[in-house]
Each structure stands twice: as C-alpha cells, then as structure tokens.
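Colleague: My structure is below; once you've seen it, I'll send some questions.
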C-alpha cells in the first residue's frame, strides 16, 4: 500500500502583537485541516506573534505572553493533526525564532532558525540567538526537515537535514515582497531541491505590516524541480497538499497552480494590500486626501478606493489663485468616476492671512519658495483638521522620485499617516495609471474602466504653487531623473558609472546632492509599502548629516 501524508498549508495574515487573534486563526486552520483529513497543518514563520516584531521580541513581558499563548494553543491541539506554527522560544540558552510542532495537547518538536538574516529589512542577529540545525521530525510515515525561512537560502541546513534522513523539506517563511521576489524564491528553493533530491513545501505568510508586504504565493516543488502546487499571491488561502511515497521518494500530487500576476499588478496589489492592512490593523476604516487634479493624488485616490471602497475615501480640493481650471475640472471628474466624496476648501483667504501676519517679519525680502510652502502647509493643516474631526487617516501622495530629491514640503504635502506611492518612481506612476484604466480584478473595490481621466495622465506635472509652474522647472524630465535615481539608490552606482551610462555629469551630481540633503525629510516622512530592493526606510539607512559627495 502506498504511503500518503496530507499537509494543510495555511497561507494566512497575522497581526503583530495580536496573540489571541493569531492563535484563533491558527485553530480555525487546524480545524479545517482536521476536517480534510490532514496529518499536519502548517502555518508560517512567527505566525503566533505576527512578523516582523522588531524589538518587541526583546521585551521580556512580550516573550512571556507569547510563550504562554503557545502553551495554551498546544493544549487545544488534541484529537487531530499536528499543528506547525512559528513563534519565539526562550530557554536558558537563549531566545530563538522557532517553528513549533504541537500534537496531542503538547509540544512534540521545535525547529530553531539557524541563519539569522541581517540585511535589507532584517536585523535578526540583534533580536534572536542562532539555533542549531534541528533534527528531522518523524510524523507518521514521513521524516520532515524544517529549514526556517533564511535557512533555505543557504545549502548547509537543507543538506544537513537530508543527510540526517529528512524525506521532505517544509520551509515556513515570513518573506516580504519586493519586485522580482517571486522568481527569486523559486530559483533559491529549486537549488535546494536539486542539491537534496527532496520535495519542498514553501509556505509564506500574507498581509501588510508597517512598510512590509508579505505576498504569500506559497508553492510546492517535486524532487525534479517541477511545481506541483502554487498558491495565489497577496491573498489568504488554505490548501491541502497530498504527498505520496513512490518507489524511490516522496512526491506531491499535482494540484491547483495559480499563475502569479505581472510586475505592475504585483506592485499595485502590494500598494492596495499595504494600505488596507495598515489601516485595518491600526483601527482605521476611512481615509482623507488632498485631490489636486494631478496624477499622484489621482492614483492614491484609486488605490484607496480599491482597498476600502469609494464610500470610505474623502477627497478634498484645496485651490489657491494658482490652481488652474483644468485641475479643478480633472479632480471633479476623477471623484465622479470613482464615486468618492469631494469637498472644496479655498486656501486663498488663509494664505493672505498668514502672509499678512508675517509681513513685518518678511519686509524687504523677495517672494520665493517660502511663500510657496505656506500654501502647501496650509493644505496640510486643513487636511489634518478633517482627519482629526472625522477619524479618517490622512494619506500623503508623494512618489519616490519626489521623496528622493526632496521635491515635497515638510509639514505640508508630506503630512499624513501613510503614503501608498512612497516606493514608486514617477515614471511607474504613469505606467500604473494606464494599467489600472485598462484592468479590473475581482479584489478591486473601485469601478472598472477608464477611472483616471486621460487629461490627468497626459498633462505636464505641476505643484501649482506659482504661475505657469511645472515640475521640470526644478527637475530633469522624469525619465532622466528616475534612471539616475535607480542607479544611485537601487544600484549604488558611482557618479562615474552613471556618467558612463550616458548621463550628464552636472545633472548626476546635482541629483546626488539633492538625494543626500533630503535625508532629514525622509526621516520624518510617512511609511509606505516596500516595492523595491531599496525602499526609503530599513533598506537604506543613511545619516541625515553627511558632507561626503562622490568626487569621481
């Protein structure tokens, strides 16, 4: 008779610190697995606490509560399958990132994370102790090896588990999204399968946490490297995977394969889910934003409507004497197509009042960016008042290009609690708007069709803080600016390297200077979803005071 083993993969969305709620989700998955005849129900890395916890796991009281919650969960796991779930483990030897296996009312095994990532968004070397490579776990007919997340990115752990008799690799993860990550995971895990000859189940969590998105997209590889099962990206899923022992090895029975979305859709889904979860997990259900008639605020409004429904999106137009009729018309047109509320609050009176109050202080000076920024800051004051009064989170709308070079006003258009575009360059803003106009998915809560007026996409970008202003008065064309920024930020290239690629040296050096002198602004900027390898927060940590410039 052929040996069989059923694993329920629970690709779910935990909340950091919500121990009881996360345990309840785990038990619901366990009950679903029990009803389906599973032998093991698996949840992702650090699921009980949520992930990433950052310094929360350095707090003894939190670790105490997490350990108590795990013990209480174990007591419930009776008369059914084993439950594998991530959570911290503390003993006299240290504090570990562990994957616990619970069965028959007790803890039957733990796999401790061996390789602690200390790059990009991770600082696990300061949070956890390095665990030894755990022995394979025997569950019924199968010997299960458990490399925890980063462990699968190195050949030694999987190799040691295979040498110790593991027959299947179960990899629980908290692997955050960035562009290209889905393909990279397949390459890395495919290498582990090729090295060991073992099938591999890759289980990732899903959901937003602060600036990070966990995109799910879990999968199962057979010993020949073929994909047997592929779970959806960016949504919860509970899937039952059947393993069968053949003459030579265990193999997964092929089942549903959900094709991953394309690059633009992945980024867009990340922005929508990031906003959705940041609000939900923070206790908000509505947003407010300044709708200028420009492309950035238009895209943020649509992202918000797709995440929350248009009825929970409050748009506010805040015109001054410099606001064009075209911008007024475009903002109204977008709100109408979206079905969102639009209010208009004039700022000309407040602007005149502030400038009048400052007249004796500024006497003898020529108007400059100071007066322009008063307009932006007045808008921030008004929007924050609406946010406070109605309990709606204020969204800020600056794209990565603007945030990179400081083309934004601190305490003005930077005011807000979350920025969906923080890691999206301006050229990609245009691409994303065109894509959204041509695309609709069942998970989008806003209407289908050409929801962003073409006039908004086609007109030259402008802050409209003075007569006849365009962004290109102060910046190179966005195609040039973004190409230079990607080389400086994501590529860490030198000035010489960028010039060798065909860019003007003076322009490159100016952009480099703007990037460095804007660090203090970014330090005070709202969080936003990480889409690239170098988002402006944990990925890229530069000093605010920095006199060095590349002289190459």
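Cβ coordinates are placed from backbone N, Cα and C, and glycine is handled just like the others.
Copying in the features that Swiss-Prot gives for the protein in this structure:
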ACT_SITE  45  active site, proton acceptor
ACT_SITE  113  active site, for glutaminase activity
ACT_SITE  149  active site, nucleophile
BINDING   290, 291, 292, 293, 294, 295, 296, 297, 397  ATP binding site
BINDING   373, 402, 521  deamido-NAD(+) binding site
DOMAIN    5-245  domain 'CN hydrolase'
REGION    275-552  region 'Ligase'
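So where do these features actually land, and what's packed around them?
Modeller: Neighbour list (residue 45 (active site, proton acceptor), Cβ cut-off 8 Å, at least 6 residues apart, same chain): 51, 86, 97, 99, 113, 148, 149, 172, 173, 174, 205.
In three-state terms derived from DSSP, residue 113 (active site, for glutaminase activity) belongs to neither a helical nor a strand segment and is classed as coil.
Residue 149 (active site, nucleophile) falls within a helical segment according to DSSP.
In this structure, residue 294 (ATP binding site) belongs to neither helix nor strand by DSSP; it is coil. Within its own chain, residue 294 (ATP binding site) has 327, 456, 461, 462 as residues 6 or more apart in sequence whose C-beta sits under 8 angstroms from its own.
In three-state terms derived from DSSP, residue 521 (deamido-NAD(+) binding site) belongs to a helical segment.
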Colleague: Measuring Cα to Cα, how far is residue 521 (deamido-NAD(+) binding site) from residue 397 (ATP binding site) in Å?
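Modeller: Approximately 15 Å lies between the Cα of residue 521 (deamido-NAD(+) binding site) and that of residue 397 (ATP binding site).
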Colleague: Between residue 290 (ATP binding site) and residue 402 (deamido-NAD(+) binding site), what is the CA-CA distance rounded to a whole number of Å?
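Modeller: About 17 Å separate the Cα atoms of these two residues.
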Colleague: State, in Å as a whole number, the widest CA to CA span among the deamido-NAD(+)-binding residues 373, 402, 521 given in the record.
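Modeller: Looking at 373, 402, 521 as a set, their Cα atoms extend up to 15 Å apart.
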Colleague: Cβ within 8 Å of the ATP site centroid (290, 291, 292, 293, 294, 295, 296, 297, 397 excluded): which residues?
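Modeller: Sorted by sequence, the hits are 289, 298, 300, 301, 331.
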Colleague: For the C-alpha pair, I'd like the distance in angstrom between residue 373 (deamido-NAD(+) binding site) and residue 397 (ATP binding site), rounded off.
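Modeller: Computed Cα spacing between residue 373 (deamido-NAD(+) binding site) and residue 397 (ATP binding site) is 16 Å.
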Colleague: Compute the C-alpha separation of residue 402 (deamido-NAD(+) binding site) from residue 296 (ATP binding site), stating it in Å without decimals.
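Modeller: Between the alpha carbons of residue 402 (deamido-NAD(+) binding site) and residue 296 (ATP binding site) there are 11 Å.
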